[in-house]
Amino acid sequence: MQQKIRSPFVVVMGHVDVGKTLLLDKIRGTSVAYREPGMITQHIGMSLVPWPAVEKFAGPLVDRLKLRGRIWIPGFLFIDTPGHAAFSNLRKRGGSVADLAILVVDITSGLEDQGVESLKLIQSRGVPFVIAANKLDRIYGWKSVENRPFLFAVEEQEWHAVATLEEQIGKLITQLANLGIDADRYDRVRDFSKQVPIVPTSAVTGEGVADLLLVLAGVSQRFIPREKLQVRDGPARGVVMEVKEERGLGVVADVILYDGKLRKGDVIVTAGLDGSRQAKVRMLIMPKSLEEMRDPEDKFMAVQEVEAAAGVRVVAEGLEGVVAGAPLLAVWDPKDLPEALKSVGEEIAEIKIESDKEGVIVRADTFGTLESIILFLRQQGVPVRKADVGPPTHKDVVEAVLSRRKNPAYGAILAFNVKVPPEVETEAQSSGVKIIRGEILYRIFDEYVKWSTEVKTKTVEQVLSQLTRPAKIQILPGYVFRRSDPAIVGVKVLAGTLKPGVTLAKDGREVGKVMQIQRQGKPVAEAVAGDEVAISIQGDVIVGRQIKEGDVLYVYIPDEQARQWLFRYKQYLRKDEVEALEEYLKTRKKSA
């Protein structure tokens with residue numbers, strides 16, 4: 001028996017206001033306008049665009065590109081919610097449930113912050129993608145015709161409109177090249193395994209949408225192994241996209257099934273903050289087809305079973321506390337239940353990190369985004385001490401305080417798309433813990449980098465203020481003003497920085513403490529290499545006995561401080577200070 005092939009899952013991503021939702025609406029419209037009678041194109045949380053509908057919509061372009069009869073995928077399943085969170089939640093062990101991504105970019109302004117973030121997330125999950133250079137209708141002088149393929153449209157434009165388009169695409173190609181991505185307009189790409197295709201589109205007029213769907217089909221067949229799209233006739237596997245309370249139904253979960261079959265009465269295993277849990281399916285809800293949807297208020301129907309690939313609303317006892325991004329497994333044989341609970345528990349444990357190692361604390365709204373953030377932070381060299389889903393807690397503040405003791409730059413909680421309880425905010429402020437929150441990962445990270453740099457600088461300054469700086473001086477012949485109690489002599493600073501309060505050493509042995517430094521009869525805070533100054537030395541020292549005119553003296557530096565200078569803070573010493581320190585340590589060795 002031939003195994004069923006499912007449609008690839010497609011996620012639309014990009015910066016705010018680039019036209020993601022409008023483009024999705026335009027794509028979904030093709031499935032409505034060119035659907036087969038009775039076909040359910042709308043699922044819970046996603047929309048099916050069948051390949052026959054694409055062929056009807058893009059007929060002339062299909063023929064021009066010689067694709068008729070060559071596409072084996074049944075269609076596309078577009079995730080209805082565009083953006084970062086939806087993509088992050090489409091997670092599974094070893095990769096992503098998403099098979100393809102469309103990165104939507106405003107052709108008039110190029111790649112922006114969230115676009116870059118989306119791009120890095122797509123790459124981190126290894127998902128093939130296509131770039132939709134949207135807002136083609138905004139190109140100066142462009143003449144639009146509704147739903148016209150881009151390849152036909154570009155041939156019918158004035159030269160100046162084409163020139164403007166080429167200029168904007170060129171800028172986008174350069175931006176992508178700076179991120180290490182080789183891209184070009186799709187009709188110029190010769191090797192799709194080496195170059196990312198850019199498809200100019202207009203979500204307003206529909207121009208280029210046919211091209212986008214055909215390029216997606218080509219990319220899917222080029223990069224998605226057929227086995228990945230094969231669906232087993234066994235217990236369902238899926239991912240929770242959203243959990244909410246529905247009047248009359250209680251807590252429900254909107255689930256995307258990517259394999260197997262889910263039936264009414266099935267035991268399912270999923271996860272909450274406290275680990276894996278089981279529930280029993282009471283009802284499965286799907287949208288009605290357009291023909292059945294006679295009453296606008298009556299859009300849904302209960303079904304007995306659902307086969308992958310599908311988006312379905314699951315009503316079950318025990319869904320309270322289940323978190324978006326959690327895996328979902330159906331269990332048909334009770335003997336398989338312990339293994340399913342263990343498997344889901346282990347998968348969640350891989351994301352929820354808690355260890356004694358140094359690092360920041362991370363909080364996110366879903367398991368999917370949490371996993372993405374941890375992956376991103378590690379790539380940026382920021383360790384994570386603890387990560388979890390939901391608002392920050394008292395325990396997080398305690399953990400951050402412990403982290404700060406080891407490294408002040410790790411005394412922070414990064415809160416992605418979650419509210420911070422007022423009492424936790426107050427406790428963090430009084431404990432010196434920084435809470436950085438936001439909805440854009442790059443901005444949270446940039447703010448953390450700025451803050452941690454300030455903390456590191458302040459910490460280093462505090463440490464350096466406690467360390468004795470190296471210096472090398474010579475007693476000037478003929479400039480002994482007082483021989484003892486205290487000795488007052490003229491000296492030249494040969495290297496380093498001399499400050500009051502330091503102890504001087506000769507041949508590695510302490511000889512006295514510098515009480516004051518004067519230049520031309522006035523006290524000064526320090527003297528540097530090349531300065532000639534008078535200093536007073538207190539201690540059991542007599543000029544002519546312990547020290548003599550012409551002697552070279554060094555600032556005495558305790559062994560622990562010398563080690564810190566050499567192995568941790570050497571970059572904060574001037575070259576002459578390093579030389580003074582190294583010479584001083586040699587005199588210590590000789591006297592030892």
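The backbone N, Cα and C atoms fix where each Cβ goes, and this holds for glycine too.
Listed in sequence order, the residues of the same chain lying 6 or more apart from Leu136 (GTP binding site) and placing their CB within less than 8 Å of its CB are Ile107, Trp142, Ser144, Phe150, Ala153, Leu165, Pro200, Thr201, Ser202, Thr205, Glu207, Gly208. What Swiss-Prot lists as GTP binding site is 14-21, 80-84, 134-137.
As annotated by Swiss-Prot, domain 'tr-type G' applies to 5-226. Across all of the domain 'tr-type G' (5-226), the predicted model scores a mean pLDDT of 87.
As annotated by Swiss-Prot, region 'G1' applies to 14-21.
Under the heading region 'G2', Swiss-Prot lists 39-43, citing similarity to another entry as support.
Sequence annotations record features per position, and here Swiss-Prot assigns region 'G3' to 80-83 based on similarity to another entry.
The region 'G4' annotation in Swiss-Prot covers 134-137 and is backed by similarity to another entry. Taken residue by residue, the region 'G4' (134-137) breaks down under DSSP into 2 helix, 1 strand, 1 coil.
In the three-state DSSP classification, Thr81 (GTP binding site) falls within coil. Listed in sequence order, Asp106 are the same-chain residues six or more apart from Asp17 (GTP binding site) with CB atoms under 8 A from its CB.
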